[in-house]
Each structure stands twice: as structure tokens, then as C-alpha cells.
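Asks: Below you'll find the structure I mean.
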Amino acid sequence: MPQITALADAIPNPPWKVVPDMNHSLLASQPTLTAARLPIARLLALTMTSFIATANETVPAGLLPQIARGLDVSEALAGQWVTLCALGSGLAAIPLTLATRGLGRRSLLLLTLAVFFLGNALSALSSSYALTLLARLLIGAATGLAWSLLAGCARSMVEVPLQGRAMALAMLGIPLALALGVPLSAWLTHWVEWRTIFALLSGLSLVLMLWVRLGIPQTHTPGPIARLPLRRVLNTPGVRPVLLVVWLWIMAHYSLYTYIAPFLESAGPAVSLERVLLVFGISAMLGIWLVGLLVDRWLRRLVLLSLGIFAAVALTLGLNGASTAVLYVGVTLWGLSFSGAPTLLQTALADAAGEAADTAQSMLVTAFNLAFAASGVMGALLLDTFGAASIPWSLLAWLLPAWLIAWAARRHGFPAGRRSPRKPA
């Protein structure tokens with residue numbers, strides 16, 4: 001929590017102020033909307049939710065040797081913890097969101113946290129490989145629902161001019177989990193058993209349930225909007241271009257991120273994987289802070305700039321990835337340019353979908369996770385066929401179309417000027 005508070009406090013003349021009357025905010029049935037003010041305490045609850053949701057999907061990847069030994073299986077089988085979590089998230093996001101869209105967002109968020117609590121507790125306590133796989137699948141399904149809810153929860157707490165910043169703060173948990181959660185969990189295994197890590201995630205989920213119950217007001221998707229057919233939401237102007245950019249951007253990112261270790265081997269022993277990931281994480285936190293400041297004014301520019309920088313990094317790494325200096329500069333720019341992607345894309349999609357944002361966000365979760373899975377397959381094929389040096393070049397096949405789609409979606413999807421969310425029908 002001190003890292004998050006420090007980021008918030010570091011902004012000169014911040015565009016938000018903490019809501020002073022917490023007793024009133026805990027009792028309010030609807031969020032208090034005040035100009036130029038962000039309800040920091042409420043949004044930090046969402047930050048921690050996105051932190052745990054990201055940790056659910058990524059922490060096991062850093063603990064595979066320990067998990068394999070503890071469950072007496074191979075590392076390849078232990079890796080299915082990651083696969084099933086991502087699969088559950090991608091497959092369950094849309095049906096769960098559609099099935100529950102008439103219910104209150106806070107109630108659903110509490111339900112997802114309860115599954116996080118039980119699933120991580122089961123992962124920590126069970127010695128049955130099959131049972132832990134079931135736990136990770138259920139956690140994945142709950143994670144998919146959580147991602148669908150977070151944008152609507154954050155946007156409902158503030159007025160339109162602050163929605164982008166609210167979402168940036170809510171999504172701060174993603175780079176925090178990648179920069180701190182994953183390395184910290186791997187480091188802790190030098191002193192505690194791997195099961196303790198999942199017990200800590202379970203306990204954190206339980207504490208967060210209390211925070212959400214007391215600090216976040218109940219909100220609902222409006223009735224007529226909640227009943228909109230999925231096809232109608234998909235056909236809303238701007239929704240499809242954003243989803244296409246999601247797919248292409250995530251394909252590019254995870255094609256490199258998943259296979260960063262074999263790629264770094266070409267740079268020689270002077271390059272440390274842990275150091276590279278730390279540089280990526282630190283630059284990612286700086287990037288999302290900058291996006292939080294600018295997203296409400298320059299969403300389109302930030303999307304085009306971020307995709308352009310990432311494409312330039314891919315080209316540079318392809319030409320001279322063996323240079324240590326080039327590598328670290330490239331990773332820094334990569335972290336800066338990608339870290340704001342969840343905020344930028346979810347904001348753009350929510351603006352395009354309007355009051356159907358929750359349903360649209362479930363589509364984003366599905367596109368994100370399926371692209372994540374597909375990038376692993378594509379990266380493996382490239383690695384086996386052409387070697388690790390081919391991976392940066394392959395990113396251009398995803399990033400250039402993504403940039404062109406975003407550029408073409410000037411009227412709907414990524415409109416020019418200040419954000420202008422779609423009005424309810």
C-alpha cells in the first residue's frame with residue numbers, strides 16, 4: 001500500500017483530493033460525485049482487486065519448480081496452473097457477465113473475492129494435483145468476471161471528466177503485481193514454502209472483501225441496458241476496432257514477454273533476467289502514472305504514441321538486440337508504452353459502449369486472454385522454427401495493423417480530442 005500512496009502523493013497539485021468524510025462514504029448507497037475529486041480510498045480497493053487478479057494469473061509462473069516438487073508432478077504439468085487460470089478467465093468472462101448483469105457490481109465483486117479466497121486456500125492446502133487444477137480454473141473464471149466489473153465500478157464513482165484517471169488508479173494493481181508481486185513471491189520462497197504464498201493471497205482476498213463491503217457503494221447496470229443482446233453491443237460503433245486493437249496489442253506484448261528469457265540469452269551473461277524484469281516493472285509503474293494524468297485529454301494520442309513506441313522498440317531489438325545498452329533502453333520504453341494499455345483500451349471501450357460497458361468489458365477480457373494463449377503458441381512456433389531472434393520482428397506483424405486500426409477509428413473507438421463517452425440510448 002505505501003507504494004500506491006507514494007505514487008498518488010507524488011503528483012504536484014493533484015487533480016484529486018481524498019474524500020474527507022469516510023464515515024459518510026461508507027454509509028452512502030451511491031457514490032458521491034464531486035468535481036475535481038477522486039475517492040482514493042474506494043479506488044484503492046479496486047487497485048488491490050486488480051493486484052490480486054493479476055497475481056492469480058502470474059504468480060504461479062514464478063513458482064513452477066516448487067509447485068512441481070510439492071505436488072510430485074513435472075514442471076510442464078505444474079505450468080497448467082497458469083494455463084487453466086487464463087483459460088477459465090477467457091472462457092467464462094462473457095457468459096458470467098451476461099448471466100449476472102442484473103446484479104449489483106459490489107455483490108459480484110465480493111463473490112469473485114470469495115472465490116479468490118477459497119481457491120487460493122485450496123491451492124495452499126491441497127496435495128491433490130487434480131483438485132488444485134480445479135481451484136485454478138475456478139479462480140480463472142472469477143478473475144474474468146472481476147476484470148469485467150472493475151471498469152464499471154471505477155467509472156461509476158466519479159464524474160465523466162475523471163473516469164480515465166479513476167480507471168488508471170484502479171488498474172495500477174496490474175503493474176504493481178508484475179513489478180512487485182511476481183518477483184517478491186519468488187524471492188519469498190527462499191524463506192517460506194510456496195504454499196505460504198497462496199495462503200497470503202487467500203488472506204489478502206479475505207481482508208479485501210471487508211474493505212469492498214464497507215467502502216464501495218452498490219451500483220447496477222441500468223435495466224434496459226443490462227438486457228441488450230450481445231450482438232447489439234458488439235455492433236455498437238467503436239467497439240469492434242477497440243477489440244481488434246486489444247487482440248493485436250496483447251499478441252505482440254506476450255509474444256515477447258513470455259519468451260523474454262530465451263531472447264535475452266542472445267545478449268550474453270551481462271544481461272540478468274531479474275534485472276530486465278525489474279526495469280520493465282519500474283518503467284511500467286511510471287507509464288501508468290503518466291497515462292493516469294493524460295488519458296482524459298489525450299486518449300487517442302496516447303494509444304497511437306504507445307503503439308508507435310512499441311513498434312520502434314521491436315524494430316530496434318530486431319536490428320541490435322544483442323547490445324546490452326539497446327536492450328535496457330528498449331525494455332524501459334516497452335514498459336512505459338505498454339503499461340497504460342489496460343487503462344487506455346478499457347477506457348476507449350467503455351466510452352464506445354456507454355452504459356453497456358460491463359458487457360463490452362467481458363468481450364475485452366475474452367479477447368485479452370485468448371490473445372494471451374495464442375501468443376504463447378505463436379511464440380513457441382517462432383522459437384522452434386526461426387530462433388529467439390525472430391520474435392521482435394514478429395511483433396511488427398501485430399503492432400503495425402493495430403496502429404492503423406486505431407488511427408482509422410477516428411470517429412468511433414479512438415476519437416480525437418477530449419474523451420466523450422457514448423450517451424445512453
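Using N, Cα and C of the backbone, Cβ positions are placed for all residues, glycine too.
Okay, these came from TrEMBL:
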DOMAIN    42-414  domain 'Major facilitator superfamily (MFS) profile'
TRANSMEM  78-96  transmembrane segment
TRANSMEM  108-127  transmembrane segment
TRANSMEM  133-154  transmembrane segment
TRANSMEM  166-188  transmembrane segment
TRANSMEM  194-216  transmembrane segment
TRANSMEM  237-256  transmembrane segment
TRANSMEM  276-295  transmembrane segment
TRANSMEM  302-319  transmembrane segment
TRANSMEM  325-350  transmembrane segment
TRANSMEM  362-383  transmembrane segment
TRANSMEM  389-409  transmembrane segment
Asks: Need a quick answer: max count of Cβ pairs under 8 Å to the transmembrane segment (389-409), which of 78-96, 108-127, 166-188, 276-295, 362-383 is it?
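Replies: That would be 362-383.
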Asks: Quick check: do the transmembrane segment (194-216) and the transmembrane segment (362-383) share at least 3 Cβ pairs under 8 Å, counting only pairs 6+ apart in sequence?
Replies: no
Asks: Mean pLDDT for the domain 'Major facilitator superfamily (MFS) profile' (42-414), rounded to an integer?
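Replies: Per the prediction, mean pLDDT sits at 87 for the domain 'Major facilitator superfamily (MFS) profile' (42-414).
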